[in-house]
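Peer 1: Sharing a structure below in structure tokens format, with a few things to ask.
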Amino acid sequence: MCDSQRRSVCYLQAYQGSMSKHTMASESVIQTEFKFTGYGKNYVKLLYLRRDGDIHFVKELEVSTELTLNNVKDYTHGDNSDIIATDSQKNTVYVMAKQHGVKSAERFALLLCEHFLRKYRHVTRAKVYIEEAPWKRMEIGGQQHVHAFLLSHEAKHVCEVEQYRDERPTIWTALSGMKVMKTTQSAFKNFVSDEFRTLPDADDRLFCTIVQCKWWYNTSAVNFERAWEGVKSIILEIFAGPADRGEYSPSVQNTLYLTAQKVLEKMPEVEKVYINLPNVHYFGVDYNRFPKIDFVRNDDNVYMPTDKPSGNINATIARKPKSRL
């Protein structure tokens with residue numbers, strides 16, 4: 001063997017030795033553990049139709065499931081023997097809907113969680129998230145139609161149920177995407193005035209927002225459909241006030257607080273409320289920029305809608321724990 005060949009072999013042996021030491025050191029230093037695992041099927045769409053004589057009822061849902069198992073051998077060893085396939089989870093959604101019907105999105109989510117935990121002993125956690133399409137009965141000549149429906153994007157109804165084995169389920173419902181506006185009786189003034197402030201006090205302004213409200217239940221013994229409508233009604237009532245005279249709002253924050261307080265006061269089954277009320281701004285058009293045009297003076301106004309940037313106000317308000325003597 002020539003000298004150059006000997007040097008090449010020595011270099012290779014030295015490199016392999018250093019790599020082996022590095023690998024051994026890495027294996028001895030790097031230790032990992034699973035903090036969380038979950039897998040499931042997203043966006044399972046179904047339409048449930050119930051016929052009660054001539055009167056028909058529909059529920060259109062988009063269901064996402066997620067399970068956690070009591071082992072991680074599928075991750076660490078590629079052993080799939082405990083996996084309930086996501087396709088099987090999808091099929092379960094359709095089978096449960098056929099066998100038990102869909103009374104409400106929340107009740108159906110509870111049913112699915114209970115099924116997964118009861119049927120598969122190695123499942124330690126089940127979570128089901130549902131979005132409901134907002135179908136409403138058509139009104140023809142002032143009368144509700146028996147089998148015709150209109151998709152109304154007034155507000156989105158979503159919910160989630162998460163349950164661990166041998167524990168009570170955690171249930172929340174949310175209302176989102178509900179855009180509301182009132183054209184008077186909204187103010188914002190007496191806020192911090194420093195070198196960064198340019199916004200003037202507003203004694204009377206447009207108030208527009210896109211409501212997101214999420215609430216958690218302290219029981220599963222709930223009429224969920226009625227609860228969703230109840231929260232929605234409270235939001236509108238506090239925002240708008242009486243139909244003939246309205247209600248003054250000194251700030252978005254105050255309106256948010258009064259809404260959450262009313263929900264907790266009127267609905268004992270609700271434990272905690274989160275509300276997000278972004279400001280949707282409408283700025284008045286400045287017609288002083290058109291000095292050559294003679295505008296007829298009247299009480300009509302023209303505004304320019306803007307979506308970005310926007311103020312964002314949110315809070316989570318919960319019942320205080322009862323003091324223990």
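A Cβ is built for glycine as well, from the same backbone N, Cα and C atoms used for every other residue.
TrEMBL annotations: computationally assigned, not manually curated.
These figures come from a predicted structure and were not determined experimentally.
OK, TrEMBL features for this one:
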ACT_SITE  Lys41  active site, charge relay system
ACT_SITE  Thr86  active site, charge relay system
ACT_SITE  His281  active site, charge relay system
BINDING   Thr86, Asn279  O2 binding site
BINDING   Thr86, Asp87, Phe188, Arg205, Val252, Gln253, Asn279  urate binding site
BINDING   Thr86, Asp87, Phe188, Arg205, Val252, Gln253, Asn279  5-hydroxyisourate binding site
Peer 1: Would you list, in sequence order, the binding-site residues among Asp87, Arg205, Val252 whose CA lies within 10 Å of the CA of Lys41 (active site, charge relay system)?
Peer 2: Asp87
Peer 1: Using Cα coordinates, what distance in whole Å links Val252 (urate binding site) and Asn279 (O2 binding site)?
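Peer 2: Cα-Cα, rounded: 8 Å.
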Peer 1: Return the count of C-beta atoms lying within 10 angstroms of the C-beta of Asp87 (urate binding site), excluding that atom itself.
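Peer 2: Step by step: centre on the Cβ of Asp87 (urate binding site), count other Cβ atoms within 10 Å, giving 9.
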Peer 1: Could you state the CA-to-CA distance between Asn279 (O2 binding site) and Gln253 (urate binding site) to the nearest Å?
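Peer 2: Taking the Cα atoms only, Asn279 (O2 binding site) lies 11 Å from Gln253 (urate binding site).
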